[in-house]
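Now, the feature entries from TrEMBL:
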| type | residues | note |
| --- | --- | --- |
| BINDING | 199-206, 282-286, 344-347 | GTP binding site |
| DOMAIN | 365-378 | domain 'SRP54-type proteins GTP-binding' |
| TRANSMEM | 6-27 | transmembrane segment |
Amino acid sequence: MTNETLEILLAAGIPLAIVVAVTTLLVRRRRGPDTDEAPTALDEPVVVPAPEVEQTVEAPAPPVEVLPEEAEAPSVLEVPAPVAGRLARLRDRLSKSGSPLGARLLAVLSKDHLTEDDWDELEETLLLADVGAGPTGELIDALRTRVRVEGLKDPAQVRALLREQLIALVDPTLDRSLHTAPGAAADGSRLPAVVLVVGVNGTGKTTTVGKLARVLVADGRTVVLGAADTFRAAAADQLQTWGSRVGVHTVRSDRDGADPAAVAFDAVRTGRAEGIDVVLVDTAGRLQNKAGLMDELGKITRVITREAPLSEVLLVLDATTGQNGLNQARVFSEVAGVTGIVLTKLDGTAKGGIVVAVQRELGVPVKLVGLGEGPDDLAPFDPEAFVDALLEG
Ligand SMILES: Nc1nc2c(ncn2[C@@H]2O[C@H](COP(=O)(O)OP(=O)(O)OP(=O)(O)O)[C@@H](O)[C@H]2O)c(=O)[nH]1
Ligand SMILES: [Mg+2]
């Protein structure tokens with residue numbers, strides 16, 4: 001081969017090689033990841049563009065139409081803030097809504113001699129902070145006994161005593177972990193953890209699902225959202241916006257009034273087909289009547305569990321609604337088998353006592369708390385950090 005021939009071959013060969021390489025890349029992108037590649041791609045949720053997740057869906061979906069994929073692909077993905085230490089923010093936020101419960105109790109307990117009027121004042125403070133009659137009585141009895149036996153000495157001791165008693169009231173023995181580990185089906189195939197989020201209008205369900213998706217993504221988990229609030233299209237848009245900020249795909253219907261159970265089912269099926277770790281299902285918050293609610297939530301849970309068991313049913317409660325919130329909570333727990341409570345808007349109240357009341361009422365632990373409207377204002381609940389925030393606010 002002459003030098004001239006070599007030059008011609010090289011000149012033609014290099015562009016050809018580039019064309020072949022680019023074409024191969026494009027074909028691979030269009031096909032989406034094949035089965036062998038999927039787990040690798042899914043291990044890195046932040047870099048997986050939502051459209052590819054969708055393209056690999058094999059299962060025929062129930063009557064759910066999926067919106068154009070591009071709508072979900074944000075230009076820059078956000079990096080959620082670390083979860084550790086978030087509850088410490090509660091301190092500042094509580095003090096903005098008035099003197100927190102712990103600080104008010106401490107003010108009375110720090111007196112030299114406690115009169116009957118002082119004990120009445122303590123009791124009233126606890127009741128006004130939504131602690132509930134039973135737990136209030138228990139705390140007052142425990143404090144009276146300890147004060148009688150040990151006396152009230154220096155302020156540090158008073159504070160330590162109150163701290164200890166409040167922590168006992170919030171109950172540090174409850175299991176507050178969020179069950180989001182994927183499981184396995186009878187045939188050995190991988191099942192996503194499914195978290196169903198329920199609660200009445202405006203308590204913060206959609207916001208909580210969005211914030212929780214961020215927490216999971218930050219933890220390296222793959223997530224799919226299910227917009228089973230089909231009441232208004234805006235609800236699915238709101239959820240999809242949350243998801244797209246962290247590269248999480250939302251399964252939704254673009255038809256108002258579509259069957260919420262069908263969307264929930266489709267979300268779980270998608271999660272299963274894609275080998276996703278966690279499927280978070282948002283629901284509508286209407287509490288028109290107990291029978292209607294029972295029908296709708298019953299159907300959603302039945303249909304979901306055909307695909308995968310429910311790992312968590314989270315009831316979202318607005319901490320500022322007090323006793324009213326408790327009544328709602330009771331209805332939901334009867335209907336939906338609640339496994340954990342998310343107490344939102346704790347930043348908007350000084351009445352931290354609702355944590356105690358709702359746990360007693362339902363026998364279910366508070367697992368997460370909402371501390372504001374910001375994307376990372378969701379914290380795992382921890383009795384000690386919570387009581388410290390109450391006492392130091
Ligand atoms: N201050 C504060 N606001 C919150 C918190 N959580 C949610 N919100 C706000 O509460 C409002 C309602 O939140 P959504 O998430 O839409 O409530 P929802 O339960 O999904 O409402 P529906 O879908 O209508 O039933 C929004 O303005 C949220 O920003 C919180 O922890 N603190
Ligand atoms: Mg909502």
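Quick reminder: no glycine exception, Cβ is built from N, Cα and C everywhere.
Overlay of TrEMBL feature records on the structure.
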residue	record	Cβ contacts under 8 Å, 6 or more apart
Gly199	GTP binding site	Lys205, Gly285, Leu315, Val316, Leu317, Gln328, Phe332, Val342
Gly202	GTP binding site	Gly285, Asp318
Thr283	GTP binding site	Leu196, Val197, Val198, Lys205, Ala228, Asp229, Pro260, Ala264, Leu297, Ile300
Arg286	GTP binding site	Val200, Asn201, Phe231, Gly292, Leu293
Leu346	GTP binding site	Leu90, Arg93, Leu94, Ala319, Gly352, Val369, Gly370, Leu371
Check the binding-site residues Gly202, Thr283, Arg286 for any whose Cβ is under 6 angstroms from an atom of ligand 2, and report them in sequence order. none
Three-class DSSP secondary structure - Gly202 (GTP binding site): coil
Anything from the binding-site residues Gly202, Thr283, Arg286 with its Cβ under 6 A from ligand 1? List those in sequence order. Gly202
Per DSSP, what is the residue tally for the domain 'SRP54-type proteins GTP-binding' (365-378) in helix, strand and coil? 0 helix, 6 strand, 8 coil
Let me know the model's mean pLDDT on the domain 'SRP54-type proteins GTP-binding' (365-378). 95
Helix, strand or coil for Arg286 (GTP binding site)? Use DSSP. coil
